[in-house]
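Taken straight from TrEMBL:
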{"type": "ACT_SITE", "residues": "A:208", "note": "active site, proton donor"}
{"type": "BINDING", "residues": "A:14, A:15, A:16, A:17, A:18, A:19, A:20, A:21", "note": "NADP(+) binding site"}
{"type": "BINDING", "residues": "A:108", "note": "NADPH binding site"}
{"type": "BINDING", "residues": "A:193", "note": "L-homoserine binding site"}
{"type": "DOMAIN", "residues": "A:352-434", "note": "domain 'ACT'"}
């Protein structure tokens with residue numbers, strides 16, 4: 001293999017936060033070993049950041065720091081974008097590709113929002129766009145979908161791709177905590193951010209769902225195609241009921257490709273405790289894939305954190321540097337299909353619905369009639385004498401009624417739940433959770 | 001992307017057995033979709049087999065069948081070798097690469113035996129050698145190790161990579177069966193071959209261990225570097241004792257890279273029932289990786305079978321066809337390190353040893369003294385009144401004595417066990433199992 005140490009492959013790094021600093025450290029400290037793996041020298045030639053004076057790492061030559069992101073994008077062979085967010089990331093990544101640089105990014109929001117535009121820019125300029133770290137942190141998922149499963153048809157995928165919500169749900173399950181308490185604990189222990197909205201409302205997972213659906217189904221799926229529900233309405237009672245049925249509640253990204261079209265959704269769901277995803281605990285992530293020939297596959301690992309995410313970023317840098325050394329960068333993401341998006345009401349599911357009711361004769365009959373009138377058949381009912389702790393007007397006469405439906409479409413379910421809410425003995429906000437078969 | 005349907009990429013398939021026929025079917029039935037993924041037409045141009053007259057598939061044009069493997073190797077752009085075994089696979093794969101074809105193979109024995117020679121041949125002729133299906137069937141492991149983890153340092157790996165033995169151990173655990181009965185059941189249900197030696201003695205797993213160690217540690221490891229123990233000496237008593245301690249017995253491939261060197265070993269071991277590998281049941285496979293930056297990763301899926309293995313083979317075909325379409329085949333497996341192999345006595349482990357003894361006073365003291373004299377300290381003892389069922393001379397006075405040691409080296413452990421066997425109240429063959437921390 002040709003060694004060309006006089007002319008190393010130049011790497012420009014944008015951002016020096018948690019992931020950026022770990023990435024820089026690996027590129028500097030392991031430079032020789034990584035170069036050997038590439039077959040040609042690689043070199044970190046600059047690190048763009050807002051305030052170089054605030055950056056102080058013993059292993060980082062201060063002279064590498066720059067505020068001139070544009071100039072760095074123009075002189076690098078590989079630009080590693082770790083700014084996060086939409087701007088200036090979008091502008092800089094585009095500039096880099098237009099200048100002939102390949103791009104490695106961990107920026108899920110950027111890809112989920114502007115993916116189709118960025119893939120086109122990469123193809124137009126004969127450069128690569130790699131993003132293993134954007135989904136599932138250290139878990140290899142992009143390469144398996146792009147290469148290993150390139151000869152198969154992915155039919156559906158389920159992902160636990162947000163560590164914050166998985167940690168919170170896990171704590172609620174094992175410690176019996178309420179959502180608010182579990183969130184506060186997660187914040188104290190660094191598993192949730194001060195503003196946790198993007199995680200707990202499902203947007204972070206929705207970004208990842210768009211990227212995974214795009215890769216798995218060879219068609220463009222962006223954030224606005226993804227419906228997302230978070231976990232803020234999950235209560236300790238929901239968890240208790242799940243545990244009693246040998247199920248666990250997980251926030252899932254669900255990507256499907258069937259006759260009704262392609263869909264990507266994020267929602268909390270009940271899954272059987274024996275399902276491989278049920279044993280994914282704490283801040284770990286996992287992605288479960290069902291492909292026509294391969295059958296069931298699962299990938300498991302650390303979905304976030306400086307070092308794990310940097311591992312995926314540097315893996316992409318080495319892969320891309322090999323392409324440059326071999327002279328074969330170029331169009332490698334053929335989104336060759338233009339598949340329809342499945343209409344929202346095409347998704348059928350079983351649901352677990354919990355109402356808080358004033359206990360009096362005829363309540364169950366009235367609720368059952370609403371479901372029957374809307375054409376939804378009921379699989380099981382559980383009327384629990386334990387009153388909900390959450391009803392402020394609790395006077396000793398409130399009960400919970402929990403129904404599990406057979407498969408029905410979501411729109412009809414929502415309409416039915418609304419009708420039941422209109423009954424005079426129903427109070428509070430009902431809880432609605434999908435049940436995975 | 002340039003379309004070149006007048007000049008398709010020619011694929012030659014060697015072998016039309018279980019995996020070969022599924023591979024052929026996918027290449028024929030999904031030809032259009034696979035071509036779109038490549039960005040250029042691909043075409044199955046021939047299938048080499050011994051007796052074309054014996055082959056009859058409704059979807060297969062009989063004219064594709066040939067007995068002239070050499071001619072097929074010379075005219076294909078990609079040769080897919082699914083003969084299995086060492087010859088004629090080695091000769092044909094070499095001929096193909098010398099003729100400028102890239103090779104996709106699922107042949108673990110070939111790679112574990114002649115890997116270094118074949119990698120050199122590929123590099124010398126500027127072609128690729130892909131083998132995702134050789135380890136873990138449908139589980140993507142080769143691409144993750146080659147690309148996704150290219151920026152990290154794999155420190156150790158554990159693999160359940162033989163479905164036959166995992167199925168047998170699982171049946172022994174859940175049904176309380178003896179090894180012989182479980183093996184017979186596995187044979188009846190198609191999970192074990194008529195001659196199961198290669199599976200139950202650990203050789204199949206050893207081949208895969210050599211390939212995984214080579215990829216993970218960037219150094220050549222071949223079958224003769226791998227020590228292998230099988231599962232034939234595991235008894236129902238071993239399983240019972242494991243269950244009582246909340247552990248399970250799994251046949252593991254263990255690959256390590258530390259200061260003593262690189263090692264690859266196959267042995268049955270006790271692992272905690274909460275370990276992610278403990279819940280890998282039946283004929284499923286899983287590979288657990290610990291990398292310096294990424295931390296813990298696990299990959300799970302179907303390790304064998306026609307369709308799952310064909311999925312991995314066709315994935316390699318598409319990946320390789322993309323390389324050909326982009327004009328960038330060539331050296332991609334830099335085994336750039338020449339790491340020493342760890343000496344056998346460098347491997348320290350904790351062991352669970354079970355002796356069958358004639359119960360009389362002083363037995364425990366005498367055995368404990370042998371361990372102490374050899375410098376091995378004991379972590380736990382369990383003298384069980386239940387006599388072994390397997391001792392033909394059972395007269396009501398036999399007992400089992402089970403010891404778990406602290407970390408010690410294997411050589412010393414074996415010497416000690418031999419010394420204990422020499423004591424006059426010890427009978428039968430002792431069982432020795434490693435205990436994973």
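Note that Cβ sites are derived from N, Cα and C of the backbone, with glycine treated the same way.
Bear in mind that the values here come from a model prediction, so they are computed numbers and not experimental data.
Note: residue A:15 (NADP(+) binding site) has non-local neighbours A:48, A:49, A:81, A:82, A:83, A:84, i.e. same-chain residues 6+ apart with C-beta under 8 A of its own C-beta. Less than 8 angstroms from the CB of residue A:14 (NADP(+) binding site) sit A:20, A:47, A:48, A:69, A:72, A:73, A:79, A:80, A:81, A:82, A:83, A:89, A:92, each of them six or more residues away in the same chain.
In the three-state DSSP reading, residue A:193 (L-homoserine binding site) counts as coil. Within 10 Å of residue A:19 (NADP(+) binding site), judged by CA to CA distance, lies none of the recorded positions A:108, A:193, A:208.
Looking only at the recorded positions A:18, A:108, A:208, the one with its C-alpha closest to residue A:193 (L-homoserine binding site) is A:18. Neighbours of the NADP(+) site: apart from A:14, A:15, A:16, A:17, A:18, A:19, A:20, A:21, residues of the same chain with C-beta atoms within 8 angstroms of the site's C-beta centroid are A:13, A:22, A:23, A:24, A:49, A:82.
Between residue A:21 (NADP(+) binding site) and residue A:108 (NADPH binding site), the C-alpha separation comes to 19 Å.
Note on proximity: of the recorded positions A:16, A:17, A:208, the one nearest the residue listed as 'NADPH binding site' is A:208, by Cα distance. Long-range Cβ contacts of the residue listed as 'active site, proton donor' within its own chain (separation 6+, distance under 8 Å): A:108, A:112, A:134, A:135, A:136, A:159, A:161, A:162, A:253. Sequence-distant neighbours of residue A:17 (NADP(+) binding site) (same chain, 6+ residues apart, CB-CB distance under 8 A): A:82, A:84.
According to its DSSP assignment, the residue listed as 'active site, proton donor' is helical. According to DSSP, residue A:17 (NADP(+) binding site) is assigned to coil rather than to any helix or strand.
Listed in sequence order, A:305, A:306, A:309 are the same-chain residues six or more apart from residue A:18 (NADP(+) binding site) with CB atoms under 8 A from its CB. Taking all protein chains in view, 25 other C-beta atoms sit within 10 angstroms of the C-beta of the residue listed as 'NADPH binding site'. Per-residue pLDDT, averaged along the domain 'ACT' (A:352-434), amounts to 84 for this model.
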